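Only one structure is covered here, and it is reproduced in the block below.
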Amino acid sequence: MTNIRKSHPLMKIINDALVDLPAPSNISSWWNFGSLLGICLILQILTGLFLAMHYTPDTLTAFSSVTHICRDVNYGWAIRYMHANGASIFFICLFIHVGRGLYYGSYTFLETWNIGVILLLTTMATAFMGYVLPWGQMSFWGATVITNLLSAIPYIGTDLVEWIWGGFSVDKATLTRFFAFHFILPFIIMALAAVHLLFLHETGSNNPTGIPSNADKIPFHPYYTIKDILGVLLLMTMLLTLTLFAPDLLGDPDNYTPANPLSTPPHIKPEWYFLFAYAILRSIPNKLGGVLALVLSILILALIPMLHTSKQRSLMFRPLSQCLFWALIADLLTLTWIGGQPVEHPYIIIGQLASILYFLLILVLMPVAGIIENKLLKW
């Protein structure tokens, strides 16, 4: 008789994804982050669910309901800070996962890559709306500033902003709808992640060399299940260390002040994982131009497969492109730092140069490096 895990309709799906999946024998730890993202998502949904049981999406009580969770609910403080810092860990994993895809040329799996870009955008939207919910100063002003950017859209901009706000300013209607969206989106992310995985399993995983690995595949279990468990242990260690020793390390002190529409905080800035995009937005003096640059800074990922000029898939054997890749990482770190600084000299010019370099590296320098490397190989 066939093993139940291979014959049962539901077990078969899990078996083909986690047990008998043929995986390349040489994938490194950079391939761990997909499973870590899955763990992050489950963790965020669970902690979020328990938070939603005690949270009230109302301008008068939202702030105090979060305080109540931290003070009066059993282990509420742990759930709240695991959820807040879980988002940071989620984005660290996301950025590494995308970076891995860029470095090793995984973007040639078009469907998988494009769904990944949609997943990134959806996760960013979810995180933004979640940041508004505690209804502190940075929540309120962050929501005001970011939603206001839509008013730069010609003709329909102002109507669009008022439609999203549900009034003429960020108020009760805005908070209620943001809570509704923040609750539903993670489940949409889960469905998209399943499709992401479905398309990946159509082609099989890429590997560090970028060379087809059909000649040398190994079963996912036990080799990569045990490797993933190690990754999860390290991830949980990081998350718990952050939550228990420095829960407010990545947060903004302004968010411990209840939202006040009459007093603007000195420096409005988003959470650290949006700072790179925020720096690009601020580096352009024109409102519409800034919004376009902000959107393009993420959507440019969808163009990457079209900008691939090299005859090799991975950067493993391409030192010139490797240098440019690490320059891009350094540039993104610079943008992240600039996004958290006030708008004054010398930060303005540094931000503008870093923004230009970001687009220049992706759109011009890396494709040109690919062509040069092709020539060098022929020569």
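Heads up, the Cβ atoms here are built off N, Cα and C, so glycines get one too.
As given in Swiss-Prot:
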- 33-53: transmembrane segment (TRANSMEM)
- 77-98: transmembrane segment (TRANSMEM)
- His83, His182: heme b b562 binding site (BINDING)
- His97, His196: heme b b566 binding site (BINDING)
- 113-133: transmembrane segment (TRANSMEM)
- 178-198: transmembrane segment (TRANSMEM)
- His201: ubiquinone binding site (BINDING)
- 226-246: transmembrane segment (TRANSMEM)
- 288-308: transmembrane segment (TRANSMEM)
- 320-340: transmembrane segment (TRANSMEM)
- 347-367: transmembrane segment (TRANSMEM)
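Pairs of Cβ atoms less than 8 Å apart link the transmembrane segment (347-367) most often to 320-340, out of 113-133, 178-198, 226-246, 288-308, 320-340. Here the transmembrane segment (178-198) does not touch the transmembrane segment (320-340). Their Cβ atoms form fewer than 3 pairs under 8 Å, with each pair 6 or more residues apart. The binding-site residues considered are His83, His97, His182, His196, His201; of these, His201 has the fewest other C-beta atoms within 10 angstroms of its C-beta. The two recorded residues, His182 (heme b b562 binding site) and the residue listed as 'ubiquinone binding site', have Cα atoms 29 Å apart. Spatially, the transmembrane segment (33-53) is not adjacent to the transmembrane segment (288-308); fewer than three Cβ-Cβ distances between them are under 8 Å for residues at least 6 apart in sequence. In this structure, the CA atom of His201 (ubiquinone binding site) is 17 Å away from the CA atom of His97 (heme b b566 binding site). Here the transmembrane segment (226-246) has Cβ contacts under 8 Å with residues 29, 32-33, 35-36, 39-40, 43, 78, 81-82, 85-86, 88-89, 93 of the same chain, all six or more residues outside its ends. You'll find the Cα of His97 (heme b b566 binding site) roughly 20 Å from the Cα of His83 (heme b b562 binding site).
If you take the Cα of His83 (heme b b562 binding site) and the Cα of His196 (heme b b566 binding site), they are about 24 angstrom apart, rounded to a whole number.
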